[in-house]
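Record features, source Swiss-Prot:
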ACT_SITE  Tyr137  active site, proton donor
ACT_SITE  Lys165  active site, schiff-base intermediate with substrate
BINDING   Ser47, Thr48, Thr167, Gly189, Asp191, Glu192, Ser208  aceneuramate binding site
Amino acid sequence: MAKALQGVMAALLTPFDHQQQLDSESLRRLVRFNIGQGIDGLYVGGSTGEAFVQSLAEREQVLEIVAEEAKGKITLIAHVGTVSTAESQQLASAAKRYGFDAVSAVTPFYYPFSFEEHCDHYRAIIDSADGLPMVVYNIPALSGVKLTLDQINTLVTLPGVSALKQTSGDLFQMEQIRRAHPDLVLYNGYDEIFASGLLAGADGGIGSTYNIMGWRYQGIVQALREGDVAKAQRLQTECNKVIDLLIKTGVFRGLKTVLHYMDVVSVPLCRKPFAPVDEKYLPALKALAQQLMEEKA
């Protein structure tokens, strides 16, 4: 299973319609688009998927739709993290029922939980996942939970934990984790340092911008396998030019707008309180969509 979890995993967006409801047809198209661009798997229901502005029922519905489109074709990881252990367990059970390959959970946030409470939270989710491997999700910039290296080392050795999504930007820590846990599946979480993360020991990555240019990230992986660091850096630079624009527009709404211009997503809106993309960026996003479609073809 560890080998199946390695690779380039798109952190899947969740399309909504003009009434702010789940757009299931756009979601299906997006899943098929990602499969078509050659990614290894999907990370469903995470930060990029706007999970924390959805109800549990909606999150389960997303898992069900994605499984219908992609089960058995690519690796599927269900992010089931919430502040509530019971709700995370419910989502983990759903992931097992729908045939996902693994579950993942961000550290419980908002309240100042003790580290042992974090460990108990993960143990409970692992139990409810009924044999599915756990991917611990470390994203201190958004969760507010700043784990020490010793705490990370403890979490990744809990029974049932197979992988870590490391979204911290600390490449030294990435290398330290790899050195301490050679068999752990380690994901780079920040797209803008993907190549550097691989060189620091990551097995692959989970990222938002893979939704629109996953083939570029696969190209980085292949270049490094062939020892062509210069090519990997050139591809990373091309990815980062896109990321520069998306940071200005707002990453999730910018991605949805590009996918709208690619005829994948019908409505390029995130769920409120996220605002729409500022109209001044629309020409640049449309040009980007055209460039990527030509490159992919």
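Using the three backbone atoms N, Cα and C, a Cβ is placed for every residue, glycine included.
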| remark: Counting across all protein chains, other CB atoms within 10 angstroms of the CB of Ser208 (aceneuramate binding site) number 24
| note | Close to the residue listed as 'active site, schiff-base intermediate with substrate', taking Cα pairs within 10 Å and only the binding-site residues Ser47, Thr48, Asp191, Glu192, are none
| Once near-sequence residues are set aside, which residues in the chain of Glu192 (aceneuramate binding site), 6 or more away, have Cβ atoms under 8 Å from its Cβ? | Gln236, Cys239, Asn240, Ile243
| message | Taking every protein chain in this structure into account, which of the recorded positions Ser47, Tyr137 has the most other Cβ atoms within 10 Å of its Cβ? | response | Tyr137
| field | Thr48 (aceneuramate binding site) CB neighbourhood, other CB atoms within 10 A | value | 23
| query | Can you list the residues of the same chain, besides Ser47, Thr48, Thr167, Gly189, Asp191, Glu192, Ser208, whose Cβ falls within 8 Å of the aceneuramate site's Cβ centroid? | reply | Ala11, Tyr190, Ile206, Gly207, Thr209, Val251
| For Asp191 (aceneuramate binding site), the number of other Cβ atoms found within 10 Å of its own Cβ | 25
| said: Counting across all protein chains present, how many other Cβ atoms fall within 10 Å of the Cβ of Thr167 (aceneuramate binding site)? | reply: 25
| query | Taking the residues the record says bind aceneuramate (Ser47, Thr48, Thr167, Gly189, Asp191, Glu192, Ser208), how far apart in Å are the two Cα atoms that sit farthest from each other? | reply | 17
| Within 10 angstroms of Tyr137 (active site, proton donor), Cα basis - binding-site residues out of Thr48, Asp191, Ser208 | none
